[in-house]
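Over in Swiss-Prot, the protein carries these features:
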BINDING   S205, S206, G207, T208, T209, K213, Q346, G347, T351, D430, R445, K537  ATP binding site
BINDING   F253, A323, Q346, G347, T351, K447, K451  (E)-4-coumaroyl-AMP binding site
BINDING   K274, K453, G454  CoA binding site
REGION    276-346  region 'SBD1'
REGION    347-409  region 'SBD2'
Amino acid sequence: MIRIINGQTYFTSKYPNIIIPEKPIPHLILKHIRYKPDQVLLVDGLTFKEYSSHFVADTIEKVACGLNKLNIKKGDVLGVILPNLPEYVPIFHGTLLMGGITSLVNPDYTIEELSHTLATVSPRYLAVTLAVYEKIKNDLKRVFPSVEKVILVDIAGQTLKEIDQLTLSSDGIVMSFNQLTNNNGKDYPIVRIDLTKDTAIIPFSSGTTGLFKGVCLSHYNLVSNTYQTQTIETSTYKKNDSVIGVLPFFHSFGLMLHIMLMVKQGYRIVTLPKFEPVRFLELIKKYKVAMSFIVPPIAIMFAKSPIVDKFDLSSLRTLFCGAAPLGSEIEDLIKERFKGRLVIKQGYGATELSPCCFVTPNGLVKSGSSGTLLPNLLAKIISSETGENLGMGEKGEICIKGPNVMLGYYNNEKATNEVIDKDGFLKTGDIGYVDEDGYFFIIDRSKELIKCKGFQVPPAELEALLLSHPKVADACVVGLSKGDMGEVPRGFVVIKQNESLTEKELLDWAHPKIANYKHFRGGIFFIPAIPKSATGKLLRKNLKDFNNLKL
């Protein structure tokens, strides 16, 4: 697990390297799902409509055929502005089958956010719901001058009649998904793909630390990470297991796990466009869901919400948490609540890594760890001050090298060179360490560390402390400038419903548990909700206005 190269320390996977198939991802998907043509592959969590593997495979090819009729060319971009719907699967893979590029964004984005993300990659086509179209139609030509066709996808609560009326009154720019797929699925060419050089998708970096950047991922990036993760993650699944697709498909974490890995493996995926606690728990009960990929806010629900006790969740065996670190306190609360029968696993990565690099292995689960290195990867941990490689147990910035590292940022060579070093290692910007068993632990983002009196204070550590208070529902910690001290921690807390708590009570409880330099000298503010991204990452930058308050 430790390799010394030219006197420098590197970390290798405990797993042997695997062979990465040299085929585009849609070819592999079609091959695998046609093995079990009659098996239910997708379920619409709103309508309960079921889709067989055979139907999904046929629809992928019908999307390819429909796009061919629209004269799609290799490298053309189809912007996907959709929630989690069954149609996401054929739209995604059908576009890639034609050599097109899918660019994925949050359907809740405003026009301004769309202009800073999707519009920058000049999409030729858009796939949207009626609600999204209503939001963008008046600004379509201004924000998306490159768009030639908008494909409307039906969602529960909208009628096909409404969509058909729009297609007739939109100067020919709008067509329905049904119109796109109204063909035999056979009339499309075989497009030659350069696996390592051709971009397959352009998701956008989270924007939690700055402006959005388009991340160019190749077919080989996607295939590599699907097979790397499969090596560890699917070995305990059973033949007819169901998973619930609540993680946003527009995010690389939800996309790879559901649209690629779970589809390829043939597990039944119940799609849910938006996380609603009651519906989410009802679907777990109804479809006997065995596995759920979640983010920390959902984990907090499993740990603390009384609503969980109202549902039969006996089918649930595993929770896999990613997108942001999950503190050991919340993990332990879930285990205690479910009397140890639930396996809590974590994964770690970044959009730039397609996205996974660590996954909790089967067997020994270490509370608070993000897991061990996936196959075919090399890691190093570097000092944020000297840039030198560090050893086991030493804390520094985690850097990853392997076949899942992105091609680069879209039209941004400068930003690419800032995060990928001369040896091909991606600098994650996250601070962590590796223990003697090869388990990695994430402490915090290097840019978010609070530097107080010469000490580095990880906000995540203080957030975990606040979350362990029985009356606290959610929490976020940021750094606040204060003269000679540098920065001091300031806390933001959401109190549990029907509970009361004062700042003094919370400070008196917290301060004896932490070193003096970690004390909340910036105070604690009680707010209605903690700002988070769609994938559950804390948006500390959104609390900037509070930081402008004078101490």
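Please read every residue number as a count from 1 along the shown chain.
Using N, Cα and C of the backbone, Cβ positions are placed for all residues, glycine too.
From a predicted model like this one, the values you see are computed outputs, not experimental measurements.
Within 10 Å of the C-beta atom of G347 ((E)-4-coumaroyl-AMP binding site) sit 24 other C-beta atoms, taking all shown protein chains into account. Cβ neighbour count for K451 ((E)-4-coumaroyl-AMP binding site): 12 (other Cβ atoms within 10 Å of its Cβ, all protein chains included). Across the structure, F253 ((E)-4-coumaroyl-AMP binding site) and K274 (CoA binding site) place their CA atoms 16 angstrom apart. Around the Cβ of S205 (ATP binding site), 21 further Cβ atoms fall within 10 Å across all displayed protein chains. Using DSSP to sort the residues of the region 'SBD2' (347-409) gives these counts of helix, strand and coil: 3 helix, 24 strand, 36 coil.
Assigned with DSSP, the residues of the region 'SBD1' (276-346) fall into helix, strand and coil as follows: 34 helix, 12 strand, 25 coil. When other Cβ atoms within 10 Å of the Cβ of K274 (CoA binding site) are tallied across all protein chains shown, the result is 15.
A distance of 12 Å separates the Cα atom of S205 (ATP binding site) from that of A323 ((E)-4-coumaroyl-AMP binding site). Model confidence over the region 'SBD1' (276-346) is summarised by a mean pLDDT of 91. Here the Cα atom of A323 ((E)-4-coumaroyl-AMP binding site) is found 9 Å from that of Q346 (ATP binding site). Between the CA atoms of K274 (CoA binding site) and T351 (ATP binding site) there is a gap of 21 Å.
A Cα-Cα distance of 27 Å separates T351 (ATP binding site) from K451 ((E)-4-coumaroyl-AMP binding site). The distance from the Cα of G347 ((E)-4-coumaroyl-AMP binding site) to the Cα of R445 (ATP binding site) comes to 16 Å. Take the CB of F253 ((E)-4-coumaroyl-AMP binding site) and look out to 10 A: across all protein chains shown you find 27 other CB atoms. Ranking the binding-site residues R445, K447 by how many Cβ atoms sit within 10 Å of each one's Cβ puts R445 at the top. DSSP assigns F253 ((E)-4-coumaroyl-AMP binding site) to a helical segment in the three-state reduction.
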